[in-house]
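Worksheet: one structure, shown below.
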């Protein structure tokens, strides 16, 4: 029974294929089997995005002592749909001096990476669109291209604020890409494979990586850099309303604007999904079906992102860069070292040693980054 | 300590989030059409004319003090006359243009006959400006019971004053 629920989506796909198989040639069946997965993902992404916006509005509303949207349908469940209709019917404004091609290309292409990365995420046991042997590498390679399209959109708008936002996006992505990749390397080192399925299989039976010293640090590093990578608060400098209007999407309206939003929320989902996969054991978990475990963990991480958004003010550019280069990057390197020691030593020693190394290094990084206020100079003879 | 403020901030928001499900203090929104806040005694919107027994027996004697005092001049009064052309102590027309009225309540203060008072009805939206906001005598007339219902304390004081005057 449990096994049936666990594999319910696989079974559903198999039933559809069984119905069609007498009528179609074999090569067609392969195409249809691929097609089903693609359609599911392309529907799943936008639907998740729509309901994440609702969840976020409700969540932040409660933090600000008000109800979120609750007028449209029960609990406001139809709100995303009505927002979608509104976005479709809005006028699409292209500035006179904008580069029409780049202005059009930006929002269309920015959602492609966010949809593509879903293909390597294991949503449950046997539930992965394509088990690439270089899954993690594919994820990062594809996800980082979204920066290019953000910059295309910003450049094509021919607006100072858009361009500033786009440049900030690029600077931020470049700085955070390095600690992000380095924070995931320890997990790859321990598992010995780039495949997401192999990583999840290595965390069988509550042996989640987050319960080891290097895993905890790696999880925090990866989550923070992930938040920065998808431009969410408090790292949402590219669209800082108080400084540069709306950043790279200043000149966008209607459905093009909605596409940027869609990309942002789908990125938030996919990064949370990857953090879950790598450090929180993916779909591994007792009793409940595997896909339920996966979505529960992912939504907890997304809620934490929303919690951050409800709490923190936006960082300054220098704080943002300092945090990445002086805090996260050295810690990521030391974490790699700790993980390497953890792999090579035996049980009680490895945990203790890596824990000690990480504690000392966190303290040292903290001390090294402490703000030193210079003594106030007193000018003795200046006014005499 | 560096980093402690971050945790403090997170604690504040999660506290507000969870308590919003339990206490009204953390969820202050009043969902207007279904829920309403009780208006205070002196909440005021637009003037009404109070009558005692029947709508044609207004307290108003058409003295026109309110019309003269009205800052935006939204009240217009025509005194009634009998067949002989003798002026009567009642208005023939008493029109208030609600779209001009600025809710100051001066008419209520200056009325020596306790006739004109401010209402608290605020849901007055209409599809047309000139006709539907021009409140004539019969639309303005409201009973004394209605007045004592919306403003019980003021109505009590007014009743006492009027009884003392009769004696």
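Note that Cβ sites are derived from N, Cα and C of the backbone, with glycine treated the same way.
TrEMBL tags one of the stretches A:68-90, A:206-228 as transmembrane segment, and that stretch is A:206-228. Panel annotation: around the transmembrane segment (A:206-228), residues 172, 176, 179-180, 182-184, 186-187, 190, 235, 271-272, 274-275, 278-281, 284-286, 301, 304-305, 308, 320, 324, 328, 331-332, 335, 338-339, 342, 351, 354-355, 358, 362 of the same chain, lying at least six beyond its termini, place a Cβ under 8 Å from a Cβ of the stretch. The stretches the transmembrane segment (A:320-343) and the transmembrane segment (A:27-54) do not meet in space: the count of Cβ pairs below 8 angstroms, excluding pairs fewer than 6 apart in sequence, stays at fewer than three.
Below 8 angstroms of C-beta separation, residues 13, 16-17, 20-21, 68-69, 76-77, 79-81, 83-84, 114-115, 118-119, 129, 261-262, 265-266, 268-269, 302 of the same chain, each at least six residues beyond the ends of the transmembrane segment (A:27-54), sit close to that stretch. The listed stretches are A:136-157, A:178-200, A:265-284; of these, A:265-284 has the most Cβ pairs under 8 Å to the transmembrane segment (A:290-308). With a cut-off of 8 Å between Cβ atoms, the residues of this chain six or more beyond the transmembrane segment (A:178-200) that come close are 120-122, 128, 131-137, 139-140, 209, 214-215, 218, 221-222, 225-226, 229, 274, 277-279, 281-284, 324, 328-329, 331-333, 335-336, 338-340, 342-343.
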